[in-house]
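Engineer: The structure that follows is given in the form of structure tokens.
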Amino acid sequence: MSAVVVRTPAKVNLALMVGPLRTDGFHELASVYQAVGLYDEVAATPAPPGEFSVRVSGREAGKVPLDNGNLAIRAARLLADHAGVDAGVSIDITKGIPVAGGMAGGSSDAAAALVACDTLWGTNADRSTLLALAARLGSDVPFCLLGGTAIGAGHGEIVTPALARGSYEWVFALDGEGMSTPAVYARLDRIRDNLAVLPPRIPEPMMSALASGSAAELGATLVNDLQPAALRIRPRLAQVLEAGRDYGAIGSVVSGSGPTCAFLARDHAHAVDLSARLAGTGLCASVRRATGPVPGARVVES
Ligand SMILES: C[C@](O)(CO)[C@H](O)COP(=O)(O)OP(=O)(O)OC[C@H]1O[C@@H](n2ccc(N)nc2=O)[C@H](O)[C@@H]1O
Ligand SMILES: Nc1ncnc2c1ncn2[C@@H]1O[C@H](COP(=O)(O)OP(=O)(O)OP(=O)(O)O)[C@@H](O)[C@H]1O
């Protein structure tokens, strides 16, 4: 068989409510994820049994590990072990998702590699098996399989599609320098300073906004408990958020663990205007536009 190509999206957390630190090192979460149209492409071609390799091209390719630290390789090995196949694969990733930007780039590649290798090897794993394998690879990986708009529970790995209408116009301000997810969670713990933390809950107004499909309502309810921690680590992000609000964004929030800042625009024309104005501030490394929700990791060619 020739290459299996999978297209896989970035995510933004519309709500990221962080509960107590658990004994396994994860925080209990209540999250609303949305998949947005910034994509990586993951191509899998056959390789001799036991040989797993990865090449990376595209934006920020130099920042991505090429060894077993690459989440796509780990996903391929996990599926081979689970399915009991003596297989190998050569993986080519074309990055379009910011690296270490809080948009689940590596997680999305892991989801894509599961889907690509499952097709390449004919292992025919069912949806629940793929979701369970995804959960072992990282908290965001199951959502990257699912796509759309979904609720995340547990440490983010238990995903359920959300009742959501509408299509939303996003503008993302990228920072040149990535941020470490564990460091941002650790900073939040320091800010909280052992004060009692309630179980996380998704704010009801956000679910109503999604059910109604109103961008203005959704924009007003964007929330991220990690944002204060991300701003302490990277204070310049506060200026980026302020600039977006000044230019009329109807919602603004740090994406996941940051440093990408996400802005909701009123409509397409406003998104074009907002992205040009943000780029003009010189406060961010680059600016990208995307719509959401979009589907999760999908085979586009085989
Ligand atoms: C910030 C988010 O992107 C929001 O969706 C996710 O919570 C992070 O998901 P991820 O990058 O897939 O993270 P994982 O690889 O599962 O975990 C990396 C590290 O982040 C911290 N972590 C992650 C998820 C969670 N619920 N609590 C945590 O404290 C832990 O230190 C963990 O060791
Ligand atoms: N396929 C991959 N693509 C990008 N980074 C990867 C990949 N595999 C492993 N990594 C490593 O993971 C780190 C985090 O990168 P990633 O792009 O997944 O961050 P993120 O978008 O902030 O993640 P999240 O939003 O899930 O917390 C990178 O610094 C890199 O070392």
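Note that Cβ sites are derived from N, Cα and C of the backbone, with glycine treated the same way.
Not my notes, these are from TrEMBL:
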ACT_SITE  LYS11  active site
DOMAIN    70-148  domain 'GHMP kinase N-terminal'
BINDING   PRO98, VAL99, ALA100, GLY101, GLY102, MET103, ALA104, GLY105, GLY106, SER107, SER108  ATP binding site
ACT_SITE  ASP140  active site
DOMAIN    206-278  domain 'GHMP kinase C-terminal'
Engineer: Please state whether DSSP places ALA104 (ATP binding site) in a helix, a strand or coil.
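Structural biologist: Assignment for ALA104 (ATP binding site) reads coil.
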Engineer: According to DSSP, which of helix, strand or coil covers PRO98 (ATP binding site)?
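Structural biologist: Where PRO98 (ATP binding site) sits, the three-state DSSP reduction gives coil.
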Engineer: Near ligand 1, which of the recorded positions show up if the criterion is a Cβ under 6 Å from one of its atoms? Options: ALA100, SER108, ASP140.
Structural biologist: ASP140
Engineer: With DSSP helix as H/G/I and strand as E/B, how many residues of the domain 'GHMP kinase N-terminal' (70-148) fall in helix, strand and coil?
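Structural biologist: Counting residues per DSSP class in the domain 'GHMP kinase N-terminal' (70-148), I get 47 helix, 9 strand, 23 coil.
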Engineer: Can you give me the residues near the recorded ATP site, meaning same chain, not PRO98, VAL99, ALA100, GLY101, GLY102, MET103, ALA104, GLY105, GLY106, SER107, SER108 themselves, Cβ no more than 8 Å from the center of the site's Cβ atoms?
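Structural biologist: The surrounding set, listed in chain order, is ALA10, ILE97.
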Engineer: Any of the binding-site residues PRO98, ALA100, GLY102, ALA104, SER108 with a C-beta atom under 6 A from ligand 2? Give them in order, or none.
Structural biologist: ALA100, GLY102, ALA104
Engineer: Around GLY106 (ATP binding site), how many other C-beta atoms are within 10 angstroms of its C-beta?
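Structural biologist: Cβ-Cβ neighbours of GLY106 (ATP binding site) within 10 Å number 28.
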Engineer: List only the single closest residue to ASP140 (active site), chosen from the recorded positions LYS11, PRO98, GLY102, ALA104, GLY106 by CA-CA distance.
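Structural biologist: Closest by Cα distance to ASP140 (active site) among the recorded positions LYS11, PRO98, GLY102, ALA104, GLY106: ALA104.
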Engineer: Please report the Cα separation of ALA100 (ATP binding site) and LYS11 (active site) in Å, rounded to an integer.
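Structural biologist: About 12 Å separates the two Cα atoms.
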Engineer: What are the DSSP helix, strand and coil residue counts for the domain 'GHMP kinase C-terminal' (206-278)?
Structural biologist: 42 helix, 11 strand, 20 coil
Engineer: Just to confirm: which same-chain residues, 6+ apart in sequence, have a Cβ under 8 Å from the Cβ of ALA104 (ATP binding site)?
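Structural biologist: In sequence order, the residues whose Cβ lies under 8 Å from that of ALA104 (ATP binding site) (at least 6 apart) are ALA10, LYS11, ILE97, ASP140, PHE143, CYS144, GLY256.
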Engineer: Enumerate same-chain residues with a sequence separation of six or more from GLY102 (ATP binding site) and a Cβ-Cβ distance below 8 A; give 'none' if the list is empty.
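Structural biologist: Sequence-distant Cβ neighbours: MET179, THR181, ALA230, VAL254, SER255, GLY256, SER257, GLY258, PRO259, THR260.
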Engineer: For PRO98 (ATP binding site), which residues of its chain lie six or more apart in sequence with Cβ-Cβ distance below 8 Å?
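Structural biologist: Spatial neighbours, sequence-distant, of PRO98 (ATP binding site): ALA10, LEU38, ARG59, GLU60, GLY105, PHE172, LEU174, GLY178, THR260.
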Engineer: Within 10 angstroms of the C-beta of LYS11 (active site), what count of other C-beta atoms is obtained when all protein chains are considered?
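Structural biologist: 29, counting other Cβ atoms within 10 Å of LYS11 (active site).
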Engineer: Would you report the average pLDDT that the model assigns to the domain 'GHMP kinase C-terminal' (206-278)?
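Structural biologist: In the predicted model, the domain 'GHMP kinase C-terminal' (206-278) has a mean pLDDT of 98.
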